[in-house]
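J.: My questions will all concern the structure given below.
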Amino acid sequence: MMFEGLSEKFQNVFSGMRKKGKLDESDIKVANREIKLALLEADVNFKVVKSFTKSVSERAKGEEVLKSLTPGQQYIKVVNEEMVKMLGGEDQKLEISKDKLNIFMMIGLQGAGKTTTAAKIANLLRKEASLSPLLVAADVYRPAAIEQLKILGKELNIPVYFDDASQNPVEIAKKAKEIATEKGHDLVIIDTAGRLQIDETLMQELSDIDQSIQPTEKLLVVDGMTGQESVNVSKTFDDKLGITGVVLTKLDGDTRGGAALSVAYTTQKPIVFIGTGEKLSDIESFYPDRMASRILGMGDVLSLIDKAQNMVDEEEARRMEEKIRNASFDLNDFLDQLHQLQKMGSISSLLEMMPGVNKKALAGLDMAATEKQMKRTEAIIFSMTPEEREKPDIINGSRRKRIANGSGTSVADVNRLLKGFEQSRKMMKQMGNMGKRKRGRMKLPFM
Ligand SMILES: Nc1nc2c(ncn2[C@@H]2O[C@H](COP(=O)(O)OP(=O)(O)OP(=O)(O)O)[C@@H](O)[C@H]2O)c(=O)[nH]1
Ligand SMILES: [Mg+2]
């Protein structure tokens, strides 16, 4: 899988944080350091790493994380959001119009994957956007280049415009544009020549093609295996030609690939596609948010965090804290807490959404029993009088018997609940005494 090593490291950091109920500044510092090293090791550009970790640590130190009720989750959320930003943010799609001629110009160093990618994109957009593509062979320097594109076109049954006799890529591109209009194509993809290095002649030629046909997209093709050099190369191409988007190829390779991920940040241009193999179907549209989840190994955990956040009323949580501090937490509050938990959905369905949760281990856990236990707790509290709920201390032996009968449970069940409640109240009182700024999470006795 792409970015497997990086992904593993993030997951290690995160699972350590999830285990902790509370975080302090030094926890955050350690996690930030681990993330920084992981990114550098994956070959992400050091400037990008620096900016990334700076944003994460600023946000993590602030209100948002340390003072939240679930600091571990909030930290993960911040890292994810910054990762999305690093990969280009949201809403960066390729501009495709159904009413006018879309002209894509492929740009890049030799061997980056321009020709292959031109064919892949034509195929993808024919399928997904119902466009009618025309491929254009404007690499006139290597005779085999025209042949290569022709073969790809044939394989995909996509027409290829070429002119063996011409040595002028500008003329070829102009002519192709005319033909596309004539024949009713709505997508023209121009394959250009590559160079080993960026040189003036190449830039001039690309700039001439650009001026004369005004492409709607200038796509820079970057070989994902070339490491840090890709950052400089894309910056130069962008400065000279004003690219509109980036295609990262060869992300299927087993190299670290992190450098390529820095390209969106350094050029501030969106990554629009990634190449993931040699086959013509090995191309994907690029979405920063999806890639971030993939790298962070998060599965659905983000939607889970959002869900939990929406469900647990912040106001309610604050009210509860006040009570803890005043040590006036009673069985009514306890019941409220129980309801909050239930609102978040059944425990088993929540667990299933967590990445890395072993389904087999889940099956071994008796979820139904846990939920039944919650129901029983609820029934016991409902069988108490309002006074008993407010002042559990008055619940003596005969009251216990009555409550057990009323809730269809046993005296032992009632005892267990009251004991658990007493323990958590003690714990809360201690936390309340620890100072006003410390926040504790309530642990319910049946959990
Ligand atoms: N594994 C893998 N190989 C790729 C990918 N994209 C391109 N290639 C391979 O990379 C090699 C070069 O690809 P081309 O499309 O010819 O590159 P180019 O930029 O047109 O090269 P020049 O025309 O010489 O400048 C070919 O062998 C492709 O099959 C990819 O996403 N994954
Ligand atoms: Mg080529």
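Just so you know, glycine gets a Cβ as well, placed from its N, Cα and C.
Annotations per TrEMBL:
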| type | residues | note |
| --- | --- | --- |
| BINDING | 108-115, 191-195, 249-252 | GTP binding site |
| DOMAIN | 270-283 | domain 'SRP54-type proteins GTP-binding' |
J.: Taking GLY108, GLY111 as the binding-site residues to compare, which has the smallest set of other Cβ atoms within 10 Å?
T.: GLY111
J.: If you run the three-state DSSP split on ARG195 (GTP binding site), which class comes out?
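T.: In three-state terms, ARG195 (GTP binding site) counts as coil.
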J.: Quick one: which of the binding-site residues (GLY108, GLY111, LYS114, THR192, ARG195) have their CB closer than 6 Å to ligand 2?
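T.: So the answer is LYS114.
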J.: Of GLY111, LYS114, ARG195, which binding-site residues come close to ligand 1, meaning Cβ under 6 Å from one of its atoms?
T.: GLY111, LYS114
J.: Tell me the coarse DSSP state (helix, strand, coil) of GLY108 (GTP binding site).
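T.: In three-state terms, GLY108 (GTP binding site) counts as coil.
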J.: Kindly state the mean pLDDT of the domain 'SRP54-type proteins GTP-binding' (270-283) in the predicted structure.
T.: 92
J.: Secondary structure at LEU251 (GTP binding site) (DSSP, helix/strand/coil)?
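T.: LEU251 (GTP binding site) sits in coil per DSSP, no helix or strand.
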J.: Please classify the secondary structure at LYS114 (GTP binding site) using three-state DSSP.
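T.: It is helical.
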J.: Name the residues of the same chain, 6+ apart in sequence, whose Cβ is under 8 Å from the Cβ of LYS114 (GTP binding site)?
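T.: Sequence-distant Cβ neighbours: MET106, ILE107, GLY108, ASP191, THR192, GLY194, VAL221.
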J.: Tell me the Cβ neighbour count for LEU251 (GTP binding site), meaning other Cβ atoms within 10 Å of its Cβ, over all protein chains shown.
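T.: Around the Cβ of LEU251 (GTP binding site), 22 other Cβ atoms lie within 10 Å.
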